[in-house]
Amino acid sequence: MYSSYQLLLAIGMVITGSINTLSVKWADNLKAKGSDGKERSFDHPFFQSLTMFFGEFLCLLFFKLAYRYHVKRQYPIEDSPIVKGNQQFNPFLFFVPAMFDLVATTLMYIGLTMTFASSFQMLRGAVIIFTAIFSKMFVHRQVSVRHWLGIFTIIIGLATVGISDLLSTDSNSKSTNDIILGDSLILFAQIITAAQMVYEEKYVVSNDIPPLQAVGWEGLFGFLMMGLLLVPFYYINVGPPLDGNNSRGVIEDFPEAITQIMNNKWILVALIGNIISIAYFNFSGISVAKEISATTRMVLDSVRTFFIWTFSLAVGWQTFNPLQPVGFLLLLIGMCIYNNLLKAVPRRLRTVVHYPTDEPIIGGEP
């Protein structure tokens, strides 16, 4: 039986994890007057990426407060799953994974403006495929037949989700080209996310750094770098669909984003929701992995996909397509096979050679 604390963590993970995606999509759908006085949708993926990194940075502040609390109260650091770990490390160790996270998150947010929120969440399941491949190449992990069976099932599920997107229409009349580009960007981002995870496993996990602290440092570096990039992005003109639908036709118009937020306070609410949910989701996700298991975290992550899909249908962000729940089911089955959660899988397929079921989970969550 789970304790009340564990249940609270699990419920909080599902709720805040769903809010992560829904708040970003909600902001994308909101409209407000820009710098030129014309009403436009809030199409600012780079700015939203900045707010996501700020949410991750809050994890570092929370860690520092928790660490100082334990020291002041003279509580044993080794007994706390939150602050337990090595403190003798170079913070710049997190710069490389932060850059991976920056590129991947931004690509996914751009893709989210072109496709559906539920598809965004489902397509992120592709990260398992690329993580397994990169782990075999760079960390020399042995991938068993069970893992390949799970990967093959996930690929079928991803293809089903992609086909359902092409057959779906929504109230915003998304074009086929936009949906294909959006889904492609999200899938490509999973390659970068997988590289981030393998890097973290090779260089971060081996140093026994507290996961919440790792997420916070990545958030800090990501926030600083994205903040710097917004300066040149303000002067680089591009064409649609990458011009952000802003008045100046540039990659990212930061002043216009602020103007739109001032003209529509609901955008601010959506952004604050994303920041807070990102911070708590990382805390609860890491805590679930430590208090229960990493596979439980994976299952809960799949549950939030269901909530995102049903919410999107309820508010009219997309129409029902019978292929999408089929794709979701295939993705869930594939993830369960990969993580050895299906008892029906033959025992010989569940044999793993030097490949732990509970894989390290460090990176931040968009």
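Glycine is treated like the rest: Cβ placed from N, Cα and C.
Residues annotated as transmembrane segment in TrEMBL: 7-26, 46-67, 88-110, 116-135, 147-167, 179-199, 219-236, 266-286, 298-317, 323-341.
The transmembrane segment (179-199) and the transmembrane segment (323-341) are not in contact, since fewer than 3 Cβ pairs between them lie under 8 Å (pairs 6 or more apart in sequence).
Within its own chain, the transmembrane segment (116-135) is flanked in space by residues 21-22, 25, 108, 141, 143, 147, 150-151, 154-155, 157-158, 161-162, 164-165, 168, 170, 174, 183, 186-187, 190-191, 193-195, 197-198, 201, 304-305, 308-309, 311-312, 317-318, 324, 327-328, 331, 334-335, 338, 359, which lie at least six positions past its ends and keep a Cβ under 8 Å from the stretch. Of the Cβ pairs linking the transmembrane segment (147-167) with the transmembrane segment (298-317) and spaced 6 or more residues apart, fewer than 3 are under 8 Å, so the two regions do not touch. Taking Cβ pairs closer than 8 Å, the transmembrane segment (266-286) reaches residues 9-10, 12-13, 16-17, 19-20, 23-24, 26-27, 30, 32, 42, 48, 51-52, 54-56, 58-59, 62, 211-212, 215, 260, 297, 301, 361, 364-366 in its own chain, all 6 or more past its ends. Outside the transmembrane segment (46-67) by six or more residues, the chain places 24, 27, 77, 80, 82-83, 101-102, 105-106, 109, 210, 212-213, 215-220, 222-223, 226-227, 229-230, 233, 244, 251-252, 254, 257, 271, 274-279, 282-283, 364, 366 with a CB less than 8 A from a CB of the stretch. Contact counts against the transmembrane segment (219-236), taken as Cβ pairs under 8 Å, peak for 88-110 among the stretches 88-110, 298-317, 323-341.
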